[in-house]
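Chemist: Grabbed the feature section from TrEMBL, which reads as follows:
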TRANSMEM  15-35  transmembrane segment
TRANSMEM  41-62  transmembrane segment
TRANSMEM  74-93  transmembrane segment
TRANSMEM  113-133  transmembrane segment
TRANSMEM  140-161  transmembrane segment
TRANSMEM  167-186  transmembrane segment
TRANSMEM  198-216  transmembrane segment
Amino acid sequence: MKTARIKLDYNKSGLWISGLLLISFIAFWPTYYAVLSDSGFFVHFHAATAIIWFALLIIQPALIRKRKLKLHRLLGNMSYPVAGLVLISILLLAHNKISTAPESFYAIRTYLLYLQISLAFVFAVTYAFAILYRKTKPVHARLMVATSFTFIDPVFARLINSYLPDIAISGQFITFGLINMTLIALSIIDRNHSKARWVFPGLLILYLVIEIPIFFDLTGLPWWQSFAAWFASI
């Protein structure tokens with residue numbers, strides 16, 4: 001008796017992205033959307049670029065589904081500067097936050113800086129491979145969807161802080177656990193895919209590597225503190 005295989009339709013991945021975007025609005029409502037005037041330029045810039053990126057991830061698979069390939073390619077070319085702006089916005093926001101952090105909050109800010117820099121790196125690598133494999137549709141589609149995974153930690157960490165502030169477990173255990181479990185599940189689903197079965201296992205390894213300093217408390221060591229001090233000074 002053959003076991004039924006799960007097959008995901010990445011042309012409908014806009015539903016997942018829309019769900020994550022909706023959760024992000026809920027997560028950031030108390031501290032951002034409800035008090036927009038309290039935030040500075042760098043926060044608004046990052047929010048705007050992230051929303052535009054999510055919009056691209058929602059629209060692009062819909063265009064493929066409707067066979068509007070010319071418009072899909074046009075928006076695909078637009079993704080180059082948008083991805084660049086997403087990365088720039090992360091770095092500018094990270095620099096602004098750590099360079100203005102009060103002394104009492106500086107230690108936690110260096111930890112948050114690591115989260116920001118490492119997730120920006122994962123975003124850049126994932127997007128770069130998506131472009132490299134843009135002519136291999138199964139690989140390209142998976143990698144583009146996977147760029148959204150880099151937003152899971154900030155979105156769900158803010159959701160936890162806003163609505164479950166007294167939870168005993170560290171937010172990153174939950175957020176990165178969610179990312180890892182998602183990648184494991186997708187790796188299992190794709191295990192027999194001839195072209196794309198390496199995508200999610202490869203990303204899982206990348207995430208596990210960047211998680212080492214997080215879960216082994218390495219961001220307090222001199223190497224990262226020196227980098228954080230340099231980054232704050234530029």
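Cβ atoms are placed via backbone N, Cα and C, with glycine included.
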Chemist: Against which stretches of its own chain does the transmembrane segment (113-133) lie, if we need a Cβ under 8 Å and a gap of at least six residues from its ends?
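Modeler: For the transmembrane segment (113-133), the far contacts come to 79-80, 83, 86-87, 90-91, 93-94, 97-98, 139-140, 143-144, 146-147, 149-150, 153-154, 172, 203, 206-207, 210, 213-214, 219, 224, 228, 231.
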Chemist: At a C-beta cut-off of under 8 Å, are there same-chain residues at least 6 beyond the transmembrane segment (41-62) that contact it? List them, or none.
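Modeler: Counting only partners 6 or more residues beyond its ends, the transmembrane segment (41-62) has Cβ contacts under 8 Å with 10-14, 17-18, 20-21, 24, 28, 32, 72, 75-76, 78-79, 82-83, 85-86, 88-90, 92-93, 96, 141, 144-145, 147-148, 151.
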